[in-house]
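Record features (Swiss-Prot):
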SIGNAL    1-23  signal peptide
ACT_SITE  Ser65  active site, acyl-ester intermediate
ACT_SITE  Lys68  active site, proton acceptor
ACT_SITE  Ser131  active site
BINDING   Lys234  substrate binding site
Amino acid sequence: MLLKRRLFIAASLFAMHLSPALAADAVSFAPQPPAIDAGAWVLMDYTTGQVLTAGNEHQQRNPASLTKLMTGYVVDRAIDSHRISPDDIVTVGRDAWAKDNPVFVGSSLMFLKEGDRVSVRDLSRGLIVDSGNDACVALADYIAGGQPQFVAMMNSYVKKLNLQDTHFETVHGLDAPGQHSSAYDLAVLSRAIIHGEPEFYHMYSEKSLTWNGITQQNRNGLLWDKTMHIDGLKTGHTSGAGFNLIASAVDGQRRLIAVVMGAKSSKGREEQARKLLQWGQQNFATVQILHSGKKVGSERIWYGDKEKIALGTEQDFWMALPKAEIPHIKAKYVLDRKELEAPIAAHQQVGEIELYDRDKLIAQWPLVTLESVGKGGMFSRLSDYFQHKA
C-alpha cells in the first residue's frame, strides 16, 4: 500500500525508458503530427526509444535495401567479437560478381569482380554508400561461409533485438518471399547501429564512394540538406517495396530517427522524412529527469544510527516530452510502507517516483535508498520507541 507522497520537482528536467503504455501517455499532449504520404512510418527519439508519432508502424512490409542495415550490424558484431578485423582482406568469389548473375541484374552494385581483394572496411563502405549487393555477398561469404549461413546470423540478431515484425531471407534485400520488417523494427535496429557502431557509423554519412574507377553518390539525398544535420542512415527501393528511407538527424545533443516505408518516389520519401524530423525537433525536448545516485528527498528512519535516510534512484533516466508541456510537469515520490525502520541496506526499493503531466501519470521509476542505516544504540532506539509510539 502506498502511504506517503512527496513533491520534489516541478519540471524542467526529465526523461527515460518507460513502458509502452506510459510512453503513449507521454506524447498524448503533443501537437498534431504531420500528414505523411507513405505506407508506414515512425519517428523515434534516439535517447529514450520513445515513438513520437507513427502510422502502420508494425505492419510487415518489404524492407528492400534497408535489409543491409542488419547485414552491416552483423559485420560489426563480428568485428566486435574479434572474429574478423576491418583490415582483413577478402577475396571476392564468383557469386559476388555481377557478370552472368541474373540475381543482380538492374540492382545496385559496388562493381566488384571475381578475384578482387578488398578490405572488410571498404566492403562495408560499398554496402552502405553504394548499397552494393555484391559487397553484401562478399562479406557474407567471408564471415559465414555462405549466404544462407549469414542470413541465419541476421535472424539470430532479429531475436536478440526483439524485432517481432522482422524476418530476413537475403543478405541484400532483393525481393524474396517471406522477407519482411516494419517501420518500428527498423527504427529499433537503427538505434542499435548508432549506439553500437561508433567506428563505422560515420560511413552512413559519406556522400560518395569511388571504386574500380566508378564514383557513385549516396542515394540518401537528405545528406545534402545543410539545415537538417542528417548523418545517416539508408535508402531502399524495389518495385514491391516502393521507396524506403531511414534518416537520423542531430539537433544539439538530441537525435531523432525517422523511418518511411512505401513512399511513392525517391523525392517523396525524403520529403516525408524531413516533415517528421522537423516536427519532432520543433515540438519535443529530450531531457534528463533523474540522475543516478542523486538525492531526490530524505525521510525519517526509526531505530537507526541516524535520523534521516537519503532516497533517490540508481539510474539516469531520460524522457522526450512536448515542449509546451514542460511547465506542467511535476514529480512525486511515494513510499510503499508507513515508516522506514533500521537496519536498512543501500539500494533497497522503498517506493516509486512518479512523473505527472498536469494530472496524468506518464512515467514511474523505482525509489531506492542511497545509503545504508545501521541499528542505533540502545538509548537512541529506546528514545525512538517512545517517540514513535506516542
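In case you wondered, yes, glycine gets a Cβ from its N, Cα and C as well.
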Whole-number Å value for how far the residue listed as 'active site' lies from the residue listed as 'active site, acyl-ester intermediate' (Cα to Cα): 7
Just to verify: the residue among Lys68, Lys234 with the fewest other Cβ atoms within 10 Å, which of the recorded positions is it? Lys68
